[in-house]
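Annotated features in Swiss-Prot:
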type	residues	note
BINDING	LEU121, GLY125, HIS126, LEU127, SER354, PRO355, PHE356	(6S)-5,6,7,8-tetrahydrofolate binding site
SITE	HIS228	site 'Plays an important role in substrate specificity'
MOD_RES	LYS229	N6-(pyridoxal phosphate)lysine
Amino acid sequence: MFSRDLTLARFDADLFAAMQQEAKRQEDHIELIASENYTSPAVMEAQGSVLTNKYAEGYPGKRYYGGCEYVDVVEQLAIDRAKELFGADYANVQPHAGSQANAAVYLALLSAGDTILGMSLAHGGHLTHGASVSSSGKLYNAVQYGINDQGLIDYDEVERLAVEHKPKMIVAGFSAYSQKLDFARFREIADKVGAYLFVDMAHVAGLVAAGVYPNPVPFADVVTTTTHKTLRGPRGGLILAKKNEEIEKKLNSAVFPGAQGGPLEHVIAAKAVCFKEALQPEFKAYQQQVVKNAQAMAEVFIQRGFDVVSGGTQNHLFLLSLIKQDITGKDADAALGRAHITVNKNSVPNDPRSPFVTSGLRIGTPAVTTRGFGEAECRELAGWICDILDNMGDESVIDAVRGKVEAVCAKFPVYGN
């Protein structure tokens, strides 16, 4: 029998100490990684619940194990809320991650060797959209589209590639693109060549849920997303679709038993919580502020002489090119890290440097907006970053900025009382 008095702090002091240090880092550092956010205590409570003890292979009402009557309720709540949130007829909440959701879509609708047309990783796409190092680029014949000199997707070029290569699936989605996608145009191109349209909205799902970014569900054959990032839930995946019994059956079979075994019901419970949070009126205000904050930061960088890819942003992120300044993304990332500002180095279009070094930074505002930052704080923050980038190697500038970061973090705690 377990004793509730045997806490983690008492049983495993080393692990607990590391966790406490990470909690302190999150409070004391400004988080600008576009794919990161902070979950609510309710999400974490669900994820740390007794649901972690239950095996539940199958789907609600059709399990391979007994004793699933309550996890069925949990999973059905998540399904129903996801469908309501995104206006979908179908939802599968079992994928353990966004990459696994994408793999399940490919498994459901493609055969090995089929052609897919997706956005190039070097131009802002994702590994799972056909990058050569990913299974999506190894199992399928991946053709890639990119962005033009203005940093925008050239839809005529996408159409030309689709007509030339006749893909079975067109993938729309990104990990580093700051403008809105034209889902109607993608649908038109897909229909012209008889391809499935698959949208990966992992980065913008929260914006979509709040109605501040176009919803791909009415246009796509299938949509995937992560449940963290802008959606602010647990780390996990989600598949959505319009009503199509044939596709629904294929997707369910591809997730289980095709790609996964037992679902993580404690994570699914946390997804249900985050979907309920996203259905609240204040979530829309939060997402609107996320975009305003990103736009405010981008404006400051442009005013200070830095190049923002595509000239600005219509979502939660933007790419900062440092080619003109001859600064590597790796060095900029490290310098900002010493000031307790966390970003990630990122390749920019036509980057002359390797992906391990890069010539740019990806900056996103979901996490700082969760803390309570508004446009004023974000403009000030962008100015601090510019000060460091304009004085690379000057540790006194980094020290001064770190002091300002500590003060603003104390003013805007992640988890208040």
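Yeah, the Cβs are placed from backbone N, Cα and C, and that goes for glycine too.
Distribution of Swiss-Prot features across the structure.
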residue : record                                                  : Cβ contacts under 8 Å, 6 or more apart
LEU121  : (6S)-5,6,7,8-tetrahydrofolate binding site              : LEU127, HIS129, ALA131, GLN144, SER175, SER347
GLY125  : (6S)-5,6,7,8-tetrahydrofolate binding site              : GLY118, MET119, ALA131, GLN144, VAL171, GLY173, PHE174, SER175
HIS126  : (6S)-5,6,7,8-tetrahydrofolate binding site              : MET119, GLY173, PHE174, SER175, ASP200, ALA202
HIS228  : site 'Plays an important role in substrate specificity' : SER35, GLU36, ASN37, THR39, PRO234, ARG235, GLY236
LYS229  : N6-(pyridoxal phosphate)lysine                          : ALA34, SER35, GLU36, ASN37, ALA202, HIS203, ALA205, GLY206, PRO366
SER354  : (6S)-5,6,7,8-tetrahydrofolate binding site              : none
PRO355  : (6S)-5,6,7,8-tetrahydrofolate binding site              : SER347
PHE356  : (6S)-5,6,7,8-tetrahydrofolate binding site              : LYS330
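Counting Cβ atoms from all protein chains shown, LEU127 ((6S)-5,6,7,8-tetrahydrofolate binding site) has 16 others lying within 10 Å of its own Cβ. Between the two most distant C-alpha atoms of the annotated (6S)-5,6,7,8-tetrahydrofolate binders (LEU121, GLY125, HIS126, LEU127, SER354, PRO355, PHE356) there are 17 Å.
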